[in-house]
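Student: Can you read through this structure? Questions will come right after.
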Amino acid sequence: MNENLFASFATPTMMGLPIVILIIMFPSILFPSPNRLINNRLISIQQWLVQLTSKQMMTIHNSKGQTWTLMLMSLILFIGSTNLLGLLPHSFTPTTQLSMNLGMAIPLWAGTVFMGFRHKTKAALAHFLPQGTPIFLIPMLVIIETISLFIQPVALAVRLTANITAGHLLMHLIGGATLALMSISPSTALITFIILILLTILEFAVAMIQAYVFTLLVSLYLHDNT
C-alpha cells in the first residue's frame, strides 16, 4: 500500500523517456484562439471568464503593473487547467511537483522584486526597516525582513504543492477504502463512495481556487513593487 500511495505522483515515462513536457503543453490546446467574427458559446464563455478575472485582479495596478496582465492570465489558465486535468483517472498533475512550482514562483517573484528596486528603490528598501524601530532592534529586523522576503516564493510553491498533493492522497485513500469495503460491508462502502464523490467535487473547487490564490499572491507582490 505504501509503495503505491505515491505512484500517481511519479514522473510518467514512455519508452523510457519522460513525457512531462508533453503533459505540460497539453492544456494549451484546450484554449483555442478565436478566428471567427462570431464566436461559439465555448469561446465566448472562455473570453468572458478571462475578462472577468483580469478585471478583478488588475484594477488595483497602475500602468506598469497592468503590463503583466497577459502573464498573470496565462499563469492562472495554465495552473487551473493543469490541476483539473490531474483529477482525471490515470492522469498526472505536474503541479504536485515542488520543483515545477518553484520554477514558476521564483522567476515571477524575482521579477516583481527587481521591478520594485528599479522603480521604487526607497520604498523597497523601506520595507526592510519599519518606521519608528528602536535602534537596538534595527539589525534583527533587517535580518527578519530579508528572510521573510526570500521565503515568499517558497511559500507560494509549497502552498500549491501541499494543497494539490493532499487532495490527491485523500482521494486515493478513500478510493482504496471503498474498494476494500465492497466485499466486506456494501453499506459502508456506499457511504465512503458518497464521501469520495463529495471530495471529488471539492477537489474541483480547490483546483481552481489554488490557481487563483497563486496568481493573486503574485499580483499582490507586483502591486507592492510598482
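If you go along the chain as it appears here, the first residue is 1 and each next one adds 1.
Positions of Cβ are set from backbone N, Cα and C atoms, glycine also.
Take a look at what TrEMBL says about it:
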TRANSMEM  6-31  transmembrane segment
TRANSMEM  67-86  transmembrane segment
TRANSMEM  98-117  transmembrane segment
TRANSMEM  137-158  transmembrane segment
TRANSMEM  164-182  transmembrane segment
TRANSMEM  189-222  transmembrane segment
Student: At an 8 Å Cβ cut-off, counting only pairs 6 or more apart in sequence, do the transmembrane segment (98-117) and the transmembrane segment (189-222) clear the bar of 3 or more pairs?
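Tutor: Touching, yes - the transmembrane segment (98-117) and the transmembrane segment (189-222) meet the threshold of 3 or more Cβ pairs under 8 Å.
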Student: Counting CB pairs under 8 Å, which listed stretch among 67-86, 137-158, 164-182 touches the transmembrane segment (189-222) the most?
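Tutor: Against the transmembrane segment (189-222), the leading stretch is 67-86.
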